[in-house]
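Just dropping this structure here.
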Amino acid sequence: MATQCYDPENSASRYTLLPDQPDSGHRKSLKIISGIFLSVFLLLSVAFFPILNNQSPDLQIDSRSPAPPSRGVSQGVSDKTFRDVAGASHVSYAWSNAMLSWQRTAYHFQPQKNWMNDPNGPLYHKGWYHLFYQYNPDSAIWGNITWGHAVSKDLIHWLYLPFAMVPDQWYDINGVWTGSATILPDGQIMMLYTGDTDDYVQVQNLAYPANLSDPLLLDWVKFKGNPVLVPPPGIGVKDFRDPTTAWTGPQNGQWLLTIGSKIGKTGVALVYETSNFTSFKLLDGVLHAVPGTGMWECVDFYPVSTKKTNGLDTSYNGPGVKHVLKASLDDNKQDHYAIGTYDLGKNKWTPDNPELDCGIGLRLDYGKYYASKTFYDPKKERRVLWGWIGETDSESADLQKGWASVQSIPRTVLYDKKTGTHLLQWPVEEIESLRVGDPTVKQVDLQPGSIELLRVDSAAELDIEASFEVDKVALQGIIEADHVGFSCSTSGGAASRGILGPFGVIVIADQTLSELTPVYFYISKGADGRAETHFCADQTRSSEAPGVGKQVYGSSVPVLDGEKHSMRLLVDHSIVESFAQGGRTVITSRIYPTKAVNGAARLFVFNNATGASVTASVKIWSLESANIQSFPLQDL
């Protein structure tokens, strides 16, 4: 389909004018800013039971140069090679092609091949959901970062489109990095993104659709005045990235946005104001800062309703609203968030609970999940969250299988009215369209130390809802419970038995349980003497292969009076997304089984507690594959 470049002179009454708009045409080359102009910018930037034996999990642990250093330091994405605590790479495993083929997911979004990382600029436009993503078109390892592009009618079935942006200008020649979309009231789309310049300086750039009437947004124009932002004095040239979606400021026609950075070891969110997205003013102070959290990247900032169950547009503010601040911590590759109050006039966000401040309190996901990004979906009035699920195997294994990383299933995000401290994340309702037939329903009484096989047609693609009722007499005896100060990550996994746990579900296991991934609850005695519930995912025996991540992930999760212990699991071959208590605590597992593959995968429920009986109620749906393929552009 031939498209024409959006012409502001003929559309001024409909769309926001962009200064110095290029003439019509497909991806026309932009004028390169002069060396003097670049120099000025750079000068400004300077200033169980017997079968579950106890095994310890493996632990994972600025000057210009001719080539960039490790991407975990300079590019703001995770180092790929999995390393142990000594820093040495693990020995590669002799993967068969059948094993590697089985690892590829059936209903999670991923490109046909090669490397992918952060989700970028998600939006809804003219009947289509758009997802852009960091992509290497040349290899299954990080490099040559380009913006991949895909569209969907339902967030589940996807169609690949041509690249939206490639690194072809001096200001993004070393990578078209992460960015966000802002949709103006008149429909114009402003896409701000970070570019890595020919001198390895992180700058912010503007792009916009060539033709807003095109539902697929096939062609994008880079503003010829790029970069629109360079690192301000006091900010490192490699510590200035990932602009957020903008929100309306206190003055009419004013927009605000935040960009992550650091000052020393303090993570900060800088705030800029603009009226046209081509010129910006850095506001005094910062939106928020937390000492000791290091570089903040992929910052997200959005409102949530404390009264209603719908999502809110990014600019919404007023009574009954809290604001979520999320930062992806470059130092440990974890996504942290906090809920607080935003003072628009003072440009300050304050956490409701300083002990749960951003970077030191709650995490969006306690597993392999990073660089998340939300957007407001006007079609269904919801806030939708994307996140990157990376790899923990070796680069050689990724090169052998020809791809690396997937995106999480999109999640809705709501404020948890019951706790007032947590968000509730839940898979978008469209995932249920993949359910095949009626669920398998089981109710199982589990005595201490017991395990039971649940027979399903295929254990590789499942949607599981499970609730557990613990013997009330045992719960009342919590004063006798052990493991005060229990932690999932240091507990020894599901093989570590206590009076009131662990109990839960075992997924992607083989018949002999030589490979298994338990997802479970563990009730311990808190520091106040009351029951404290933990939600964990144990990967210590998820694979017999060396050189892959085998941590125990998890955290505490509030279980309120009258609530059963409940979980939902989405199993998709080598990915398990686990949601506890309606999504208060979430864990994403990336596993690499060698035996529990194809028809050998099994599903179990278990109770490895020593002093409590548990009744498990389970619903299991088999899921069919999503349709993810190239868009038939020749049919347009």
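From the backbone N, Cα and C atoms, a Cβ is placed for every residue, glycine too.
For Asp118, the entry in Swiss-Prot reads active site, with the evidence type sequence analysis. If you look up Swiss-Prot, you'll see Trp115, Met116, Asn117, Asp118, Gln134, Trp142, Trp177, Thr178, Arg241, Asp242, Glu297, Asp330 marked as substrate binding site. Among the features that Swiss-Prot reports, N-linked glycosylation site is placed at Asn144, Asn211, Asn276, Asn608, with the record citing sequence analysis. Residues or ranges marked as region 'Disordered' in Swiss-Prot: 1-24. Per Swiss-Prot, topological domain 'Cytoplasmic' is recorded for 1-31. As annotated by Swiss-Prot, transmembrane segment applies to 32-52, with the evidence given as sequence analysis.
Tell me about the surroundings of these features in the structure.
In the structure as shown, the Cβ atom of Asp118 (active site) sits within 10 Å of 27 other Cβ atoms.
DSSP classifies Arg241 (substrate binding site) as strand under the three-state reduction.
Taking the Cβ of Asn144 (N-linked glycosylation site) as reference, residues of its chain lying under 8 Å away and at least six apart in sequence are, in sequence order, Asn136, Pro137, Asp138, Pro167, Gly175.
Using a 10 Å radius centred on the Cβ of Asn276 (N-linked glycosylation site) and all shown protein chains, the other Cβ atoms total 15.
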Given the recorded positions Trp115, Asn117, Gln134, Asn608, find the one whose Cα is closest in space to the Cα of Asn276 (N-linked glycosylation site).
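Ranked by Cα distance from Asn276 (N-linked glycosylation site), first place goes to Gln134.
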Taking only the residues in the topological domain 'Cytoplasmic' (1-31), give me the average pLDDT of this model.
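A mean pLDDT of 37 is what the model gives the topological domain 'Cytoplasmic' (1-31).
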Measure from the Cβ of Arg241 (substrate binding site) and count the other Cβ atoms within 10 Å, all protein chains considered.
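Summing over all protein chains shown, Arg241 (substrate binding site) has 27 other Cβ atoms within 10 Å.
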Roughly how many angstrom lie between the C-alpha atoms of Asp118 (active site) and Gln134 (substrate binding site)?
5
CA-CA, which of the binding-site residues Trp115, Gln134, Trp177 lies nearest Asn608 (N-linked glycosylation site)?
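So, of the listed binding-site residues, the one sitting closest to Asn608 (N-linked glycosylation site) is Trp115.
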Please state how far apart, in Å and to a whole number, the two most distant Cα atoms are among Trp115, Met116, Asn117, Asp118, Gln134, Trp142, Trp177, Thr178, Arg241, Asp242, Glu297, Asp330, the recorded substrate-binding residues.
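Between the outermost Cα atoms of Trp115, Met116, Asn117, Asp118, Gln134, Trp142, Trp177, Thr178, Arg241, Asp242, Glu297, Asp330, the distance is 20 Å.
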Fewest other C-beta atoms within 10 angstroms of its own C-beta: which of the recorded positions Gln134, Asn211, Asn608 fits that?
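Taking Gln134, Asn211, Asn608 as the recorded positions, the minimal 10 Å Cβ count falls on Asn211.
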Where does Asp118 (active site) sit in DSSP terms: helix, strand, or coil?
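DSSP call for Asp118 (active site): strand.
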Would you count the other C-beta atoms found within 10 angstroms of the C-beta of Glu297 (substrate binding site) for me?
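Glu297 (substrate binding site): 28 neighbouring Cβ atoms within 10 Å.
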